[in-house]
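Visitor: From TrEMBL, here are the annotated features:
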- B:60-110: domain 'Dimethylamine monooxygenase subunit DmmA-like N-terminal' (DOMAIN)
- B:122-164: domain 'Dimethylamine monooxygenase subunit DmmA-like C-terminal' (DOMAIN)
Amino acid sequence: MAERMGFPTSIERVERLTPTLRRFVLRAQKQALPPVSPGSYATLEFGDGEKVYKNAYSIVMRSEDGLELTVIVRLAPQSRGGSRFLHEKGQPGLPVWIGSVANLFPIVKTARRHLLLSAGIGITPFLSYLKKMRSIGADYTLHHFCRPEERSAFDALLSEQDQTRVFVHTGLPSEVGLADWLRDESIATHVYFCGPEGFMKWVEETTHKLGFAPGKVHSEHFFVPEGGRPFEVILARSGRRVSVKADETLLEALELADVDAPCMCRGGACGACEVTVLGGQPDHRDHVLTEAERASGNIILTCVSRAKTDTLTLDL
Amino acid sequence: MGTSELPYRPLTFDTDGRRHLFVRENGMLAFPEGVRPAVFEVWTIEHSSLVKVEPDTGDVQMRSTADLLERLVHRLAREKVGLRLYAAGRPDFLAKVAKVADEAGLCSGEIMLGEPVGPERRVFCVHCDTLHDGVSGDTLMCQGCGTKLSVRNHYSRALGAYMGGGEPAVVIAAMEAVAHG
Ligand code: FES
């Protein structure tokens, strides 16, 4: 690959929010970082001599001068190492390369009212939303769901917000009455949600049942891909074979083998990494492909999806 | 809202809606296709005393388009999530309903416009801002400034009208070809 795109930064400050959540402030070494909008994420590359990790994280804040970006990283139990590395070795001074910045989850400018629903780490895109919405005097409400032991951390994280619009709950959405609140929303309300899979599914089903039009419901199914059983890919154009280890993604394996594979979000959310499958059966884990595309079995998003068969033949 | 053609299509009940409101310009216009939902209301503009009243439908008769639109504004301002709005009538009527729905914050899956009946359109003169209702041809004489206007394909939701301009038709055709690539 030709010139390396991106921005060199290093960790400036680290703050432990809870045992599993850490806030990192990254400082640009040279020029200002690209502009961001509420909901933007950045792809970060970091590591040690042994391994390079590439993960995408929601941007919580960009400083006025554009030199600092803040992200919050959750230590995922199923982490393939990236989040764990940042939690264990992410100290001030560690170099972090910002590969790209993009937004798949923007605020709908024309919306009259915004209802934000998050659970756990899903709060991160909304931290930048809240700032923006407050500054423009928008009509919004946030309901955040977390475990009882994390409550104080999230209360602290949200302490500077407008307390009449921001609510933290330790009960399940179905227990605290979220369905009734949703039912009571005006027809002009747009709903945004982000969180773990179970939460996402509940909100998806509930909003659908209540008659929210698809154009009013926005979600970010952003996640750090999990590992799985190893498999082998055959690159049809060159006949090369690349093995994908249990703790690496298909995309990472391709990159390591110097294959020029497309990608953007690295979290199964954008669809940029789509590749044609010529043989074998994909194990789809993204949130982009339609049911029909999944069933056809002839495309795969390499950043998160794996294989059900021992080999997968790709049009690469 | 930008400018575009209004998205007309044959009306069908959207089973994902929880409450359904059908507004129509006259009593001859058919209900949306499909199984009639449990919560269904019809608002009809009564142009004559011969209008058939459908029983058990939450049928409401309105005196005029203005009356219907005014009530629609109030209704949508109080409306909760889950409503589907269907409209049938002439292009003018559909345009006005679409504008009210837009302003109330409805999105494309919540407002359905049936295939327009009759060719009349509302036309806005780009030279002097005069609005002309019920224009049936592709050209007209502007009542405000006297320019001979050609009606363009572009519709402004903000104005609820098609644009009429004084350029010769060939120039407009060329401009539209460029705009549409
Ligand atoms: S890179 Fe975005 S879905 Fe794979």
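The backbone N, Cα and C atoms fix where each Cβ goes, glycine too.
Curation plays no part in TrEMBL annotations; they are all automatic predictions.
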Visitor: By DSSP, how many residues in the domain 'Dimethylamine monooxygenase subunit DmmA-like N-terminal' (B:60-110) are helix, how many strand, and how many coil?
Guide: 27 helix, 10 strand, 14 coil
Visitor: How does the domain 'Dimethylamine monooxygenase subunit DmmA-like C-terminal' (B:122-164) divide up by DSSP, counting helix, then strand, then coil residues?
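Guide: Tallying H, G and I as helix, E and B as strand, the rest coil: 0 helix, 25 strand, 18 coil.
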Visitor: Within the domain 'Dimethylamine monooxygenase subunit DmmA-like N-terminal' (B:60-110), what mean pLDDT does the predicted structure show?
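Guide: 94, rounded to a whole number.
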